[in-house]
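According to Swiss-Prot, the domain 'tr-type G' annotation covers 4-181. The feature GTP binding site is assigned by Swiss-Prot to 16, 17, 18, 19, 20, 21, 128, 129, 130, 131.
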């Protein structure tokens with residue numbers, strides 16, 4: 001295959017800007033998929049992706065256009081999935097920057113464009129949805145030039161939905177995106193592993209971009225990070241269905257099956273090379289992202305613990321950003337502490353476990369990693385609030401802070417600044433992008449952002465604000481552990497870390513919510529919020545009362561009293577031994593409480 005005829009590219013776009021639709025039109029226009037077989041969001045393979053209208057997993061597909069071969073790597077657009085975007089961009093030479101003509105550039109688009117610029121990719125600006133009445137092409141062109149600093153004079157105007165301008169996009173890919181670097185077949189193999197998934201018959205299938213050399217069926221290769229060796233049984237390309245080949249050459253994107261049975265053997269972002277003629281060093285520039293929040297996942301049925309363990313292992317193959325370890329809770333039994341990139345990431349994993357593996361999951365409230373200095377000088381990093389030491393053993397607590405960049409229309413500036421102040425934010429800067437749009441920069445505690453910040457941001461701005469963030473440092477904060485007691489028993493899975501100034505309103509709000517959510521029992525259940533040994537808020541869930549006197553037909557009043565006394569004694573006994581049922585909604589209530597309402 002002539003290297004000069006290959007083009008590798010990704011599509012960068014915010015959610016709902018039409019990325020999956022553009023991918024569909026490209027597949028249709030080039031006859032990669034026949035019109036009869038094409039379905040909406042063709043590259044989005046999960047039902048979840050289609051239902052939510054988002055791309056979660058990245059996909060790679062080979063497209064033939066005239067005498068050229070394109071490798072389109074479809075990427076997610078949500079802030080939680082930046083990890084997936086960084087992988088796909090590392091495997092390409094160019095990117096289509098897709099911007100909605102009515103909404104303009106959003107924060108996440110910008111974050112991904114900067115990733116592309118860091119990778120020295122050729123960027124082609126494309127303005128989509130030009131047929132909408134609210135489209136403002138000139139304004140969007142000016143925005144692209146002012147915020148990104150690339151020329152938008154020759155931006156391609158399209159309507160992906162109606163197929164307008166698709167041919168111009170294909171011609172631009174040919175003319176503007178550079179071909180992969182030429183490489184001799186005899187050069188040592190270097191190939192970037194940018195994705196993987198588990199096939200029950202063939203083991204782990206890895207997706208690779210060959211940078212130098214070639215890889216053939218029968219070759220023995222090794223992963224450079226862990227030195228594990230495997231032999232190629234099958235390899236090929238996706239078009240978009242898998243097509244087997246004998247070899248993959250420099251510049252090509254394809255899949256490799258090598259009977260890899262253990263999920264942990266594959267590290268996405270690793271470099272593979274041949275055992276016979278190995279490369280001296282791996283490919284540069286790959287960064288592994290660290291989870292920003294941690295949550296406990298427990299099976300409702302404790303018998304399903306092993307099924308949950310196996311399911312997590314299988315899912316972690318196709319989502320390498322998930323990190324998990326076993327943990328136990330007095331209230332919930334055995335489960336796992338799982339690291340995520342954000343709340344959407346967590347919701348999607350829970351839905352996948354429930355749909356694909358028929359598991360019922362209880363998820364505890366998310367937390368972040370805190371740095372705790374004990375009074376003896378020892379420093380601990382703890383992400384599970386129930387493992388916090390007692391207050392008298394803590395010298396100081398440091399929490400992670402983020403730098404948040406919020407894009408918003410000027411009319412919502414006041415409300416959004418108010419939201420940031422509520423979340424203990426520190427004002428950094430305000431930039432004027434144009435006459436209508438502003439970029440607000442705040443330092444915020446990460447623990448405040450992972451709860452309901454994104455929802456409230458969208459709600460206050462009617463959906464027009466968007467934001468991106470990066471974790472910058474740890475800062476000392478006045479934090480305390482808030483425990484919840486139900487019927488005098490500490491429920492470790494409901495423990496949380498709160499700021500001293502907001503502990504009381506948070507406790508009051510949470511106890512009221514738990515009172516509404518936890519079903520009534522046949523005995524009275526006190527709900528208490530405590531810090532250390534001090535109760536700072538209390539509610540009582542009233543008992544429901546069975547009418548034990550219903551079967552009496554008049555007669556002696558002492559008989560009635562005797563039955564009521566017997567019921568009272570029974571309830572007293574139940575109260576001391578009774579188990580309180582805590583539904584999943586109780587753990588979610590922690591997310592929904594208005595943390596900082598004083």
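Even glycines carry a Cβ here, placed using N, Cα and C.
Just so it is clear, the model here is predicted, and its values are computed rather than measured.
Site extent for GTP: the farthest pair of Cα atoms among 16, 17, 18, 19, 20, 21, 128, 129, 130, 131 sits 18 Å apart. Counting every protein chain shown, 29 other Cβ atoms lie within 10 Å of the Cβ of residue 128 (GTP binding site). A simple way to gauge crowding: the CB of residue 130 (GTP binding site) has 19 other CB atoms within 10 angstroms, across all the protein chains here. Residue 20 (GTP binding site) falls within a helix when secondary structure is assigned with DSSP. A strand conformation is recorded for residue 128 (GTP binding site) in the three-state DSSP classification.
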